[in-house]
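Copied over from Swiss-Prot, here are the features:
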ACT_SITE  111  active site, proton acceptor
BINDING   6, 7, 8, 9, 10, 11, 12, 13, 134  ATP binding site
BINDING   109, 110, 111, 112, 186  substrate binding site
BINDING   131  K(+) binding site
């Protein structure tokens, strides 16, 4: 059993995966709030409570974090509470198996890397990955499995909350599809702006990427998998015209792939690269 921990700015996903390679599957997944000042002891208490008896069956652990302070605590937690369980933390220097063809590879978020890795392994072809998190990341992986870069936009919930916070006439609304793109009240107007506006944003970015990436021109452009993931993806999927696939567990499988690559490359206890 593999413990996978995906820490983002607002929420953390904890997953348990069984099997390996093409036989791997996510058997449990939980979503909890991310606390930037959480301690290793608190993390251990939460995660041990979630996984229960499966704690004794862990054969490995893999984690990423877009919050550096939390990644430090995850490392301490794994060392102290599961010292016999080999683990990999996704950070600069660790073997991911995906070349980063960008100006500064160290700046690329671990979540973006493992998503593209998972998409390439799942579809075996060039792909565009759309991750709907606190930010919307639209990233490109080539037919050779290379990370080519991407675009980052404000997330759906973050944008909606910011609009409400900075306007006296607007309030925080439930993220839901309105009756029509033409809202009949303030709530519906905000929902229409969020749902249809962000769907147009994503479709626009994907379309421009298909045009701008030389590899995607001509017949090859028809062999580009476009996959969505992330907590708010299901809200927008019905309105998206460019997305072909949805994978709720894409990031967890990316973590698994990095763990397996490092397990095969090293003997004994796995360590993160320094």
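Note that Cβ sites are derived from N, Cα and C of the backbone, with glycine treated the same way.
Owing to the predicted nature of the structure, the values given are computational and were not obtained by experimental measurement.
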Distance [Cα-Cα, Å, rounded] between residue 110 (substrate binding site) and residue 6 (ATP binding site): 10
Neighbourhood of residue 112 (substrate binding site), C-beta criterion under 8 angstroms, separation at least six: 129, 131, 137, 139, 147, 150
Secondary-structure category, per DSSP, in which residue 131 (K(+) binding site) falls: strand
The residue listed as 'active site, proton acceptor' as reference: those binding-site residues from 8, 134, 186 with C-alpha within 10 Å of it: 8
Other CB atoms, at most 10 A from the CB of residue 186 (substrate binding site): 12
Recorded substrate site residues 109, 110, 111, 112, 186, farthest C-alpha pair in Å: 38
Nonlocal neighbours by CB distance (under 8 Å) for residue 109 (substrate binding site), same chain, sequence gap 6 or more: 66, 137
